[in-house]
Amino acid sequence: MNPSLTFKSGVRDVLPTVFGYIGVGLAFGIVAHTSHLSLLVVAGMSFIVYAGSAQFIITSMLLLHDPLSGIFISTFLVNSRMILMSTSLAQYFRHESLFKNLLIGSLVTDETFALAMNKQNKTKGKLSFAWQSGANLVAYLVWGFATVIGAMLGGLIADPTRFGFDFALTAMFIGLVYLQLISDRHLGISLQLYVMAFVALVYYLAIGVMSQNFALLAATVAGCLFGMGMKKWR
Amino acid sequence: MAISLTELWVILGCGAITVLSRALPFVFVKQMTMPSWLINFLTFVPITIMTALCCQSLFVANPGHLATLNVANCLAAIPATLAGVLTKSLLMVVVIGIMAMAVLRYFSIGG
């Protein structure tokens, strides 16, 4: 990853993360197919809802004929971490127009957020509309088409996990968190390691008593407060 | 190519919910000056959220009891992390991770 902030470098920087999208996207398409969702519904979910893990949850709730309100609340909870990520990312785009901010905001994901945080370590804290849009658009299109292709292949691929593709997403986050750790000079490595250990501990304890999505939020917020405290008092 | 009324409502409703969660913070941040404690808080969001997302695949939840490790994911994470340390390349981490998982599955290691 170099410091260039053009649309083209956005497209190039996002390519390694595409593996994760393809693997999980195909998996979602296959799950949706076996849950008797039509291609139109799969495409609608991926291109309009565009919510990764929330799409799996929506699919299973549709299958169980859960009420609309329940589906809406779950979607909000699973995606509430987006509020934190967007608030964090938006600080880099305050100089851009409101319209451009809305365009970037509409397509932010876990992955493009993490990528942008890695990128700004290389550019002295700068991001551009062109770069972010390049990364966002590729991620959006790859996700959408991967899920539709997965739904079309449906019955053909019996077990995509056999080839390890389900691990792509985890590997991607491991890579992104490692690159974040070594390149965020503002916080420094030792402080970040303490924060990471604290987040892991809170998450580990929390999933025993609450849902994974709540645990994710609780661990994130607790980790941020812990980090603020350590930075201030040590 | 069929879509029921419920499915249509789910797509439109959930679409509105996700786009608002993502885009509204951009509007607020642009219009308001953020207090310094909030900016300080947000500097920790990237590392904490990425760590928590990793934990989500490394731990298995057992409601009411302590979590256990997802052994296969944890084992595959070792070569993937090493690839990151050695190459500092996201692509290599992903490729090595997938290959490691394929090998684990081939020998039925880690469930």
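Yeah, the Cβs are placed from backbone N, Cα and C, and that goes for glycine too.
Pulled from TrEMBL, these are the features on record:
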- A:14-33: transmembrane segment (TRANSMEM)
- A:39-64: transmembrane segment (TRANSMEM)
- A:71-92: transmembrane segment (TRANSMEM)
- A:137-157: transmembrane segment (TRANSMEM)
- A:163-182: transmembrane segment (TRANSMEM)
- A:189-207: transmembrane segment (TRANSMEM)
- A:213-230: transmembrane segment (TRANSMEM)
Between the transmembrane segment (A:71-92) and the transmembrane segment (A:137-157), are there three or more C-beta pairs closer than 8 Å, counting only pairs 6 or more apart along the chain?
no
Relative to the transmembrane segment (A:137-157), which of A:14-33, A:39-64, A:163-182, A:189-207 accounts for the most Cβ pairs at distances under 8 Å?
A:14-33
If we skip the immediate neighbours and take only residues 6+ beyond the ends of the transmembrane segment (A:163-182), which ones have a Cβ under 8 Å from one of its Cβ atoms?
16-17, 19-20, 22-24, 26-27, 110-111, 114-115, 117-118, 121, 189, 192-193, 196
Given the transmembrane segment (A:39-64), its same-chain partners at Cβ distance under 8 Å and 6+ residues beyond its ends are 24-25, 28-29, 31-33, 70-71, 74-75, 78-79, 107, 109-110, 140, 143-144, 147-148, 151-152
Give residue numbers and ranges for long-range contacts of the transmembrane segment (A:14-33): same chain, 6 or more residues beyond its ends, CB-CB under 8 A.
41-42, 45-46, 52, 55-56, 59, 111-112, 115, 134-135, 138-139, 142-155, 157, 160-161, 165-169, 171-172, 175-176
